[in-house]
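To start, the structure under review is shown below, and the notes come after it.
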């Protein structure tokens with residue numbers, strides 16, 4: 001990884017591409033093609049190779065967005081561009097603690113959505129099932145951050161979102177990315193053991209779009225920082241697992257309600273900008 005200390009000097013008045021919330025929309029088509037191709041080939045292969053745990057294919061395939069981001073960035077901007085891409089993991093210049101506090105909100109709202117069936121439908125919390133889930137919480141969170149969702153962020157928010165936001169308003173950018181992100185998961189409905197198997201597809205799409213809007217706000221407030229994004233993604237997936245353990249279901253419809261409330265609050269507090277600055281002049285890495 002290239003650290004901030006080794007970052008190239010920038011002309012006055014420009015924004016480091018590692019901290020840009022918008023970038024020129026070059027390479028998006030190639031990015032999506034590679035991300036989908038890498039992931040879908042592996043996921044479909046998991047159903048065709050006998051005697052192999054399909055979850056191994058699922059995990060490796062989930063790196064498709066990150067692989068695509070590195071490949072396309074290298075093709076467009078060479079080593080300097082790849083260095084800028086990975087410098088998005090640097091916590092420097094991201095706004096202190098605020099982005100990380102906001103990053104916890106989507107997970108907190110998903111977890112709080114578990115109160116809907118408890119308060120309104122008389123659901124009971126299964127304390128026996130919840131206890132081991134809580135005991136394994138640190139390891140679960142770490143795994144999700146590294147290979148269970150957080151690993152996607154180099155691609156979705158590190159590469160795709162800044163480029164979409166240069167072409168579309170912030171809300172529209174995140175809705176478009178959310179739909180694409182949901183479609184990317186499509187083969188997982190055919191693989192037993194995935195969280196998507198058995199879910200309602202329309203409800204799942206609504207949930208992912210809502211998460212994308214919330215994650216987009218985190219991305220913009222964090223000035224493109226990916227540590228906050230990994231935290232947000234891992235917190236949501238961990239919260240979903242805890243809710244499933246406690247209630248016997250992930251309750252996607254209830255999560256959609258909670259995420260809708262959060263997105264409306266974020267839109268209101270940011271005046272529709274989702275934390276995106278009005279203007280920024282971004283220096284592009286030399287190829």
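Yeah, the Cβs are placed from backbone N, Cα and C, and that goes for glycine too.
Nobody curates TrEMBL annotations by hand; they come from automatic prediction.
Positions annotated as domain 'CAAX prenyl protease 2/Lysostaphin resistance protein A-like' by TrEMBL: 138-238.
Summarising the annotation, TrEMBL assigns transmembrane segment to 28-49 (among others).
Annotation source TrEMBL lists transmembrane segment at 55-76 (among others). Tertiary proximity for the transmembrane segment (55-76) is limited to same-chain residues at least six positions away from its ends with a CB under 8 Å from its CB atoms, namely 26-27, 30-43, 45-46, 49, 82, 84-85, 147-149, 151-156, 158-160, 184, 188, 191, 193-194, 287.
Residues or ranges marked as transmembrane segment in TrEMBL: 97-116 (among others). Packing against the transmembrane segment (97-116) from elsewhere in the chain are residues 211, 214-215, 217-218, 221-223, 225, 227-229, 231-232, 235-236, 238-240, 242-243, 246-247, 251, 254-255, 257-259, 261-262: each is 6 or more residues past its ends and has a CB under 8 Å from a CB in it.
For 128-150 (among others), the entry in TrEMBL reads transmembrane segment. With a cut-off of 8 Å between Cβ atoms, the residues of this chain six or more beyond the transmembrane segment (128-150) that come close are 59, 62-63, 229-231, 233-238, 241-242, 245-246, 248.
For 171-189 (among others), the entry in TrEMBL reads transmembrane segment.
TrEMBL lists 201-218 (among others) with the feature transmembrane segment.
When Cβ-Cβ distances below 8 Å are used as the criterion, the transmembrane segment (225-247) is approached by residues 19, 88-91, 94, 99-100, 102-104, 106-108, 110-111, 113-114, 117-118, 123, 125-126, 129-130, 132-134, 137, 140-141, 144-145, 148-150, 152-154, 157-158, 195, 211, 214-215, 218-219, 255 of the same chain, each at least six residues removed from its ends. Among the features that TrEMBL reports, transmembrane segment is placed at 225-247 (among others).
For 253-270 (among others), the entry in TrEMBL reads transmembrane segment. Same-chain residues lying 6+ beyond the ends of the transmembrane segment (253-270) with a Cβ under 8 Å from its Cβ atoms: 105-106, 109-110, 112-114, 116-117, 171, 200, 203, 206-207, 210-211, 213-214, 217, 240, 243, 276.
Counted with DSSP, the domain 'CAAX prenyl protease 2/Lysostaphin resistance protein A-like' (138-238) comes out as 82 helix, 0 strand, 19 coil.
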